[in-house]
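Visitor: Below you will find the structure I want to go over with you.
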Ligand SMILES: *Cc1c(COP(=O)(O)O)cnc(C)c1O
């Protein structure tokens, strides 16, 4: 059988290894100059026009961003249910309640109309997810935020470099979080980057990241240790020099798949949106699970289901809400390999396999 085509593949090169070695040899490996440089370079690279604060994971970034905005027990934050559980977990960890709203069928992201309908007198914020690397409908969501006096927070875990009508994701909300987990579009090993709208948010995230201290041993709030190490930052700085080429490769791979797949629905791209294809997610209308199984067993092609169980049905949340677009997407979504290591021959194998299976009714 042909070689396995994995659904994701982190890319770590000699430059990353040399950068780690440089930090290890320096003897100073905890948060230090590498982290500071990475924060500045990340903000500049993605033209965010705002400060960034590095933390030890994307989930920590969401948690600290929410704490920094004052989200607390008794509050509600509106989130999509069709996302990784970290989105809702971060809200719940502040003591607030994640309130699940439906997605739009045309971009897999939070539906502004559904989000607005979920607002109560306890709502303090709305946190869309730029799912799969496609920007959420930020203009409408920001307008709702302004009209109703609510924060908008961005879960940009999957969307490094995505943009909407010329504005990069991460430059809209009170804060935004980019994940740097190994399978994301760029990595620092583990890590997260928080972009912040103003100096007060920046100060708060820095405080919560480090036990509530700006000045050592003069703790101002109850904080955590969610610092990034210089080892991780050194990896991230190298990845920043490569991520644009990887994104271009993802987009080229996606364009080929969209032009050639037949019998399944390719991922939509909104007008004015730059999609960075963290995932290339098709809809399989008949038997998604059967198609995924056959891809693996008959063609040695990996795929992913993001996400088969919507958050509102997960054990910790169990919300009694009716989210038809979410339920349908959870049944139909299938992510095909699109990462930069996928070759032209791989793409041709994927197209041929999916088209054959789709024609046969999976
Ligand atoms: C990966 C991811 C997170 C969490 O990021 P970690 O770095 O793994 O903690 C949060 N939200 C979404 C949508 C993600 O894909």
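Cβ atoms here come from the backbone N, Cα and C positions, even for glycine.
TrEMBL feature annotations, pasted as is:
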- 184: active site, proton acceptor (ACT_SITE)
- 184: N6-(pyridoxal phosphate)lysine (MOD_RES)
Visitor: Give me the non-local Cβ neighbours of residue 184 (active site, proton acceptor): same chain, 6+ apart in sequence, Cβ-Cβ under 8 Å, ordered along the sequence.
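Guide: Expected: 58, 157, 158, 160, 178, 278.
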Visitor: Please report the DSSP secondary structure of residue 184 (active site, proton acceptor), reduced to three states.
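Guide: DSSP assigns residue 184 (active site, proton acceptor) to coil.
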